[in-house]
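Below is one structure, written out as structure tokens; comments come after it.
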Amino acid sequence: MSDSGNVQSQDGGGSHGEETTSRVPKPNVGNRVTVVLGAQWGDEGKGKVVDLLAQDADIVCRCQGGNNAGHTVVVDSVEYNFHLLPSGIINPNVTAFIGNGVVIHLPGLFEEAEKNMRRGKGLEGWEKRLIISDRAHIAANLSKVCQHNITSLTLFSASPPSLGTTKKGIGPVYSAKAARSGLRICDLLADFQEFSERFKNLASQYKSMYPSLEIDVDGELERLKSYVDRIKPMVRDGVFFMYKALHGPPQKILVEGANAALLDIDFGTYPFVTSSNCTVGGVCTGLGMPPWNVGEVYGVVKAYTTRVGIGAFPTEQSNDVGELLQTRGKEVGVTTGRKRRCGWLDLVLVKYAHMINGFTALALTKLDILDTLQEIKVGVEYKVDGEPIPHFPANQEVLQKVDVQYETLPGWNRDTSAARTFEELPENARNYVFYIEKRLGVPVKWIGIGKSRESMIQLF
């Protein structure tokens, strides 16, 4: 180094070379994540697609929601139900990561794992393979008490009497998070006395708003304290964990979306939505990663449409068709046990989900449920007051009164459940897939015709 402090190069003979300067290059993108998202109102079969992709994944992540989600996975004829854990954890070689965008109900987390362990061997060693972001918020029983005892956590008295929620206390946690009075995993693992004071303050806030609430503050604090030692080995700085995963050795990272596009707090059928971002933006904010690390985005679409709870449903069939879809599809919510409302596939709705998420390919699930229908209708356009509208309405009152324009396609009247290649499907079933691809401008990569892994036909 010279007296001026500039670095100089030397050649092999010891003579001084000229001073060199260089700009820092554009950062390397690193690994990209594969994202699986629901394209309707949830219950599309995302868990099944994640299970397929998780077989050769290294990390599987949850980025938003809580135990209000419900994913069912069937492996070796054993049915596993997931609500909070990433369903990819069923692969013994996977590291599961719960990101900062998730709200965590600790009793529910351990109860879910224990129930699934009683069902089969898929979750052996799960505690050593689970990582939890220290920035994730805690869904305490305090929040569930609020959800059960108040009509709606909103200050507007004209709010609807019910939003059709799962009653898991998710809304109150996200409300506290936005109000900056929420409690995080890192707070629980730090000074417990300070945590207790903040918890009591939060309870007092709820109590002042809703005097009839009965809250066992001391009991809840004891319950939370009992989990400290158990979760401590799982907790990491989530941002640092994701950065190292993205910029370390090549590995496959899978993100498992919960809920779905039409339940998104910003883009869903508001106010009948969940409290988090279930669209692709929630991946970045819920894991602490930049958009350029988002790779493939797979949208999961049921071959017909279902919805749990209340809210506008343009293609709903409150008739024999709806009953057939509900019965054949066994359309009962994994989390709530409520019957799902059923109707024809709504491509206006799915196209809207694609506009937001930019799907690179689709998984079309439960095609076999349509096997017995003579003809199948598909919603392709909305009209209001006789005029077509080019967009998906934001306003619920408008959405309630849209006149759906349908195209009718011939059914196939054959059992498809034994098909293992696209060519083995009946011609009209293949034409149904082609029709969906053409209308949406997105290729279908998988077709589901049953519960098991083997019942997913891959097209490319």
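Yeah, the Cβs are placed from backbone N, Cα and C, and that goes for glycine too.
Pulled from TrEMBL, these are the features on record:
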ACT_SITE  ASP43  active site, proton acceptor
ACT_SITE  HIS71  active site, proton donor
ACT_SITE  LYS177  active site
BINDING   42-48, 70-72, ARG340, 366-368, 448-450  GTP binding site
BINDING   ASP43, GLU44, GLY45, LYS46, ASN68, ALA69, GLY70, HIS71, THR166, ARG180, ASN259, THR274, ARG338  IMP binding site
BINDING   ASP43, GLY70  Mg(2+) binding site
BINDING   VAL334, THR335, THR336, GLY337, ARG338, LYS339, ARG340  substrate binding site
COMPBIAS  1-10  compositional bias 'Polar residues'
REGION    1-29  region 'Disordered'
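The Cβ neighbour count for LYS48 (GTP binding site), using a 10 Å radius over every protein chain in view, is 26. The residue listed as 'active site, proton donor' is 18 Å away from LEU367 (GTP binding site) when you measure Cα to Cα. Fewest Cβ neighbours within 10 Å among the binding-site residues GLY45, GLY70, GLY337: that distinction goes to GLY337.
Taking every protein chain shown into account, HIS71, LYS339 are the recorded positions, and of these the Cβ with the most other Cβ atoms within 10 Å belongs to HIS71.
Listed in sequence order, ASP43, THR306, ARG307, VAL308, GLN326, GLY329, GLU331, VAL332, GLY333 are the same-chain residues at least 6 apart in sequence whose CB falls under 8 Å from the CB of ARG340 (substrate binding site).
Taking only the Cα positions, the spacing between GLY337 (substrate binding site) and GLY70 (IMP binding site) is 10 angstrom. Cα-Cα distances to ASN259 (IMP binding site) place GLY42 within 10 Å, out of the binding-site residues GLY42, LYS48, VAL334, THR336.
Using ASN68 (IMP binding site) as the reference Cα, a 10 A cut-off selects THR336 from the recorded positions GLY45, LYS177, THR336, LYS339, ILE449. With respect to their backbone Cα atoms, LYS48 (GTP binding site) and ARG338 (IMP binding site) stand 21 Å from each other.
The binding-site residues close to THR336 (substrate binding site), defined as a CA atom within 10 A of its CA, are GLY70 out of GLY45, GLY70, ILE449.
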